[in-house]
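Visitor: Okay, these came from TrEMBL:
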TRANSMEM  A:34-58  transmembrane segment
TRANSMEM  A:70-94  transmembrane segment
TRANSMEM  A:122-148  transmembrane segment
TRANSMEM  A:160-186  transmembrane segment
TRANSMEM  A:193-216  transmembrane segment
TRANSMEM  A:247-265  transmembrane segment
Amino acid sequence: MSATTITTRPDARLSAPGIVRSEWIKLRSVRSTVWSYAIVVAASIGIAALLASTFGFGEQIPPAELHNGIIVQAATFGLYIGQLVVAVLGVLVISGEYSTGMIRSTLTAVPTRLPALAAKAVVLFVSTFVVGLVSVFGALLLALPILAGYGIEADFGDGALLGNLVLAALYLGLVSLFALGLGTILRSSAGGIAATLGVILLLPTIISAVIGITQAQWAMDISPYMFATAGTGIFSPGGPLSQGENLLVVLAWVAVSLVGGALLLKRRDA
Amino acid sequence: MIQAEGLTKRYGDKTAVNDISFTVKPGMVTGFLGPNGAGKSTTMRMIVGLDRPSEGSVTVNGKPYAAHHAPLREVGALLDAKAIHTGRSAYNHLLAMGATHGIGKARVNEVIGLTGLESVAGKRVGGFSLGMGQRLGIAAALLGDPATLILDEPVNGLDPEGVMWVRQLARHLASEGRTIFLSSHLMSEMALTADHLIVLGRGRIIADAPVADILATSTRTAVKLRSPRADQLAQLLQGADVTITTTEHDALTITGLTAPVIGEAAAQAGIALHELTPVGASLEEAYMELTQDDVEYHAGTTPTITEEAAR
């Protein structure tokens, strides 16, 4: 407890890898992260098992060209829940710092500010992508033998099956980035979560309701560009946009959210 | 070394800090004093770049804080004991803070030891008392072994042992040639810790001087005396700049004359003295005198010092 001499550390300096490591320590050292990712994996695998075993094909085996689509659907269906959990986590990564005051410690250590947000984005994206991979491939491993029982066999020949599963994990990572941006803009857990889930869940529902009631052409035109609609289109082909176009749409959403957050973070008092 | 030049911060039409310039020098403890709402915390946040000045500028060791390559080595700041994520352990908080600068486990354990947090380092910060939160904040400020230390109300919530420890730590670090800038609304604490004082009132500097000078300028330096012939003595000592108050039938309090002058006068007149005591103004009184017109929140006629509310 006495004031002992403090040794000097002339080598210490702010660096990009250091900031990334710092954000990684922060992400892994709160319980919400562990819980969120556990739920994503559990939901993915659980729902895949449920879905695969309850597909009602009866006596008729679907034609072979549909098999891969059915398998992707089974392996990624859990992500509909997973994306909501990841959205909440993405908001909390930054809003939790605002609600606790931690942001002032963060920005004192990284006074140029933007590297801290960039590091958060990198760490969150990579972690969520990896969790997404574990989820969909875990779900795949579980669903394959069950589906094989119905005579549905995977065709790994052209790589499209595995590619789509990787794209699904990529989408999950992009959801976390979109949420991080909104959390940075709104600086509040409640507001950030409401806004993110509103965009992901509510917006497509509202648009379809508008289409159903008014048949409005503008609503039909913008419908494919909604975040979650384009997002699921990244890994399940067949919609009005190509997979590449869907990816670009989602990237645009993410860019608007993150750039908006970055501009405000740089400008505002903390 | 901290240098502020015409530093101003406005929130809407309210001016929190109004065109202040000051220098905090290395090798001593500089106290930053003022009633709540005077602008101390705002000034400190501007120093480390958390708040952007409306006008003016402030540099630390010759550069704006954000321009340094290793900010945590230049300045360690305790701005708010609660600036810590409640869901993370103290150890992980320090580890994450240090990681930005490549400061590793060895140093983290060192500051944990230095601040006496060994037994709670693995616990989540949400369960910490105010005092433990302060210690953790100080530990974080010490992480980079900084040349300048900024502590906003560091003894808030500490037990007497902790208060003594902060005082010794501040004095020790200053003796190593570091710049120590310490805010408080408690004058008595400053009297024991600081060498130099910057007193802030309503966003303006109302004093910037060594502690001894601030004490000396107080008009309340008085002499107390007791004598069976106090009335006679009072008549004898009357003068233009002299104030004499009768406190009891045989006791006087005199300002404007020194004890030797009074003693000599009494001896020449053959008046016996039973007591002759110079009463130095306490720093507290000097502070009250300085800030009496600058306290933002008055309770009735008494200037009050309350817990810091909304910033």
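Cβ coordinates are placed from backbone N, Cα and C, and glycine is handled just like the others.
Any TrEMBL annotation is an automated prediction that lacks curation.
For each listed feature, how buried is it and what is near it?
Guide: Sequence-distant contacts of the transmembrane segment (A:160-186) (same chain, at least 6 residues past either end, Cβ-Cβ under 8 Å): 40, 68, 71-72, 75-76, 79, 82-83, 86-95, 117, 120-121, 124-126, 128-133, 135-137, 140, 154, 192, 195-196, 199-200, 227, 231-232, 234-237, 243, 247, 250-251, 253-254, 256-262, 264-265.
Remote same-chain residues near the transmembrane segment (A:193-216) are listed as 83-84, 87-88, 90-92, 95, 175, 178-179, 182-183, 186, 222-223, 226-229, 253 (criterion: CB distance under 8 Å, separation of at least six residues from the stretch ends).
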Visitor: Near the transmembrane segment (A:70-94), which residues from the same chain, at least 6 beyond its ends, have a CB less than 8 A from one of its CBs?
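Guide: Result: 27, 32-33, 36-37, 39-40, 43-48, 51-52, 55, 62, 103, 117, 120, 124, 128, 132, 135-137, 139-140, 143-144, 147, 152, 154, 161, 164-165, 168, 171-172, 175-180, 182-184, 187, 189, 192-193, 196-197, 200-201, 228, 231-232, 235-236, 261.
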Visitor: Residues sitting near the transmembrane segment (A:34-58): Cβ under 8 Å, six or more positions beyond its termini, same chain?
Guide: 28, 70, 73-79, 81-82, 85-86, 88-89, 127-128, 131-132, 134-136, 138-140, 142-143, 146-147, 150, 152, 172
